[in-house]
Amino acid sequence: MRKPLMRIPYTGPLPPPIIVPRYANTPAGARHALTRFLSATKESQGLPSSPGHDSSKTVLLTGAGISVASGLADYRGSGGTYTLNRTYRPIYYNEFITNHEARKRYWARSFLGWTNLDRARPNAGHFAVKELGNIGLISSVITQNVDSFHSAAHPDLPTIELHGYLRALVCIHCHNQLPRSDFQKSLSALNPQWAAFLEEMLATGALDSENPAERRAKGLKSNPDGDVDLPDAPYTTFRYPACPTCLAHPPTLADGTKARVEVDSDGAWSSNSNAGVLKPAVVMFGESIASNIKNAAEEAINNAGRILVIGSSLASYSAWRLVKQAKERNMPIGILNLGGVRGEESFYADISSSNDGEIGVRCNESVDKILPMVVDSLRAARTQKAEGMHQSLSV
């Protein structure tokens, strides 16, 4: 039996970007190279055949960088949380499920940060992915992001949410889910002073931007997982609701005893409880990715002919290993990301100098600017090809 795949943050240094081919160091060059990469029709050499495998299609692996243009922060970009806030430490799964005070702090910050994420929408990069799917070049999308922008922008293109999603919560005991919008209303009702503070921040525009410098100027720090760090805030006063299913029907615990789920007079979870704890439906750091999601991601790699990484430094092992898997299968690898990428030097070590983008590409450009340009180039090339065929048939 294979070990479960755990989400662990990578804190090591990232290498400087490697540009492949060399001319892809400008927007025009990147556009050309990525167009060549995505439109390559020659089957990748050495790929084992398998049911459902289509060597003409590309699987996409996306990270926080594709959502920056939607107003969300990333982790390791020039304005990312790890770049600007060296003391930032995300909450770990074991800490969340065992520590009532840690949950208070998490939900207080999440309560303030949710509004900005809820108001954000997919950007040009997400819709370019949709167009690539419409053209027929993409087999599926694997995303590390928890913002649900991919499923909103292209619901018909298969998407695997590797690290879950923030649009819902899941009970760690009965496993039922609850929409985040309902949970947010409950948090507001249980914490009227925090709700008033949130309204004040919204009115002053303090939450209008994910720019860390702008938020710090107003006493706030923003993080990529949809939360806000408020210095010296009284997190211990924050309250959160119990799982409504467990409250109505307490589950049976692993030792065979009936769980105890208690709430205060307002409906807030009580520390006398031993069940009924809700967590975001994301894979927290230190938590294992569900085996069905892990297997689906691996199958998506096996069923494609090439992989294109978009907006990710591959700092998360769960994402990096998928590119490693593609490399071991001799699949062409493309990367479109601002800044260094973990292990990228090994991905391009054996690329021929004659490569024009067909067997590998590495661009250091903004996703929302370059990807729509690539779509335009691919559509123009297809139109030109169709017109040429029409003319040849008319002769």
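FYI, residue positions are counted from 1 along the chain as it appears here.
Cβ atoms are placed via backbone N, Cα and C, with glycine included.
Taken straight from TrEMBL:
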DOMAIN    34-381  domain 'Deacetylase sirtuin-type'
ACT_SITE  His163  active site, proton acceptor
BINDING   Cys171, Cys174, Cys243, Cys246  Zn(2+) binding site
CB-centroid shell, 8 A cutoff, Zn(2+) site Cys171, Cys174, Cys243, Cys246, site residues removed: Ile172, His173, His175, Asn176, Ala242, Pro244, Thr245, Leu247, Pro251, Val261, Ala275, Gly276, Val277, Leu278
Cys246 (Zn(2+) binding site) to His163 (active site, proton acceptor) - Cα separation in whole Å: 25
Cα-to-Cα gap, Cys171 (Zn(2+) binding site) vs the residue listed as 'active site, proton acceptor', nearest whole Å: 16
Residues near Cys243 (Zn(2+) binding site) in space but at least six apart in sequence (CB under 8 A): Cys171, His173, Cys174, Asn176, Leu178, Val261, Ala275, Gly276, Val277, Leu278
Cys171, Cys174, Cys246 as binding-site residues, winner by CB count within 10 A: Cys246
Stretch-averaged pLDDT - the domain 'Deacetylase sirtuin-type' (34-381): 89
